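A.B. asks: Feature list, courtesy of TrEMBL:
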- 1-20: region 'Disordered' (REGION)
- 28-208: region 'Large ATPase domain (RuvB-L)' (REGION)
- LEU47, ARG48, GLY89, LYS92, THR93, THR94, GLU155, ASP156, PHE157, ARG198, TYR208, ARG245: ATP binding site (BINDING)
- 78-209: domain 'AAA+ ATPase' (DOMAIN)
- THR93: Mg(2+) binding site (BINDING)
- 209-279: region 'Small ATPAse domain (RuvB-S)' (REGION)
- 282-371: region 'Head domain (RuvB-H)' (REGION)
- ARG318, ARG337, ARG342: DNA binding site (BINDING)
Amino acid sequence: MNWDDTTDEAASGQEAADAAERLGGPEAERLVGAVADGEDQAVEAALRPKDLGEFIGQEKVRVQLDLVLRAARARGATADHVLLSGAPGLGKTTLSMIIAAEMGAPIRITSGPAIQHAGDLAAILSSLQEGEVLFLDEIHRMSRPAEEMLYMAMEDFRVDVIVGKGPGATAIPLELPPFTLVGATTRAGLLPPPLRDRFGFTAHMEFYEPAELERVVHRSALLLDVGIDAEGAAEIAGRSRGTPRIANRLLRRVRDYAQVKADGAINREIAGAALKVYEVDGRGLDRLDRAVLEALLKLFGGGPVGLSTLAVAVGEERETVEEVAEPFLVREGLLARTPRGRVATPAAWAHLGLVPPRQGAGTGQQDLFGS
Ligand SMILES: Nc1ncnc2c1ncn2[C@@H]1O[C@H](COP(=O)(O)OP(=O)(O)OP(=O)(O)O)[C@@H](O)[C@H]1O
């Protein structure tokens, strides 16, 4: 993205997903990364809410979806196709499973990158049962021919299978049973309008409020059989970057600490001490986030400074700073991307406990160190 783009894309969490796609390691390996790692995948199934009543937060989406599903059930029909957009770890997969459970239907799970040929999609579609939910994660990464096949499947429950090549190729129509497609994307804006228009219901998932994440932490602690008090849950929730997946991951790390260093129960002190060990600060910033902010404030007086210079200063790739660290810093209102370069906000100075330079007083180095 351009360096003068501002908050919109970053705030939506799209960059975190892009970073995961392109950079893999740096985002996927972070304790506060929103993308699932191997351990998450292993334990998440046990922590997923099973019905809409158990699903925390996302009030608007829950109410609207409840209506869509109840109405379909009352008509004895298959539910409309549903598009879920939002950052990684906010509950899109969970919601797709809930849709299937609420409809009493089986679910098939696949993803855009796994469907590279139209034939791959035809094979999946033709083996669906009546009423089945097909969850297509990262739907924006499907190949073009598969996407075009999906248009017809969604609208007419039919696909044309092309047999042969060149002038002799023929299209053989194949009837499909009615099914519900649940598409998930971090990039709703990238979906071609004909695809977007074929979804009967579109839901945008927002980042969670701290109070909602506290409920997520309490619920998960109960399922994991870990004792936690209200302040301990608040401490974890406040550092979870608005994302249930991160809240659950931090809870597991704090649980380890509580088991080794105390009696296994989690309170504020234990949570704070554990997350200090893992270098996740009170606002959910990790080592990389803080290195970027510190360089911006201490070396460049709060900016403006160019991205490449900032990246060299922290010893990271430009892309890592731009796509892994910055989106959350922008979303938190700690850093701004301006046409002249990266600039720290007053909140950034306050967060690191530093004093911003006076207007026109140079880099602010003296103020920073209290002289
Ligand atoms: N509303 C919620 N209430 C309770 N737990 C939740 C909620 N949303 C998500 N979770 C938990 O967060 C974890 C991640 O959720 P999920 O896998 O559904 O996210 P996702 O949006 O599909 O992520 P990705 O885009 O990376 O696949 C799950 O283990 C689930 O238990």
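Glycine residues also receive a Cβ, built from the backbone N, Cα and C atoms like all the rest.
Keep in mind that TrEMBL annotations are predicted by a computer and have not been checked by a curator.
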A.B. asks: Would you count the other C-beta atoms found within 10 angstroms of the C-beta of LEU47 (ATP binding site) for me?
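C.D. replies: Other Cβ atoms found within 10 Å: 18.
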A.B. asks: Counting Cβ neighbours within 10 Å across all chains shown, tell me which of the binding-site residues ARG318, ARG337, ARG342 comes out on top.
C.D. replies: ARG342
A.B. asks: Look up GLY89 (ATP binding site) in the DSSP assignment and reduce it to helix, strand or coil.
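C.D. replies: The three-state answer is coil.
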A.B. asks: Pull the DSSP breakdown for the region 'Head domain (RuvB-H)' (282-371) and write it out as helix, strand, coil residue counts.
C.D. replies: 45 helix, 9 strand, 36 coil
A.B. asks: Neighbour count, 10 Å Cβ-Cβ cut-off, for GLY89 (ATP binding site): what number do you get?
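C.D. replies: The answer is 29 other Cβ atoms.
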A.B. asks: Suppose you look only at the domain 'AAA+ ATPase' (78-209); what would the mean pLDDT be?
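C.D. replies: Summing pLDDT over the domain 'AAA+ ATPase' (78-209) and dividing by its length gives 92.
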A.B. asks: Provide, as an integer number of angstrom, the distance between the C-alpha atoms of ARG337 (DNA binding site) and TYR208 (ATP binding site).
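C.D. replies: Roughly 24 Å, rounded to the nearest whole number.
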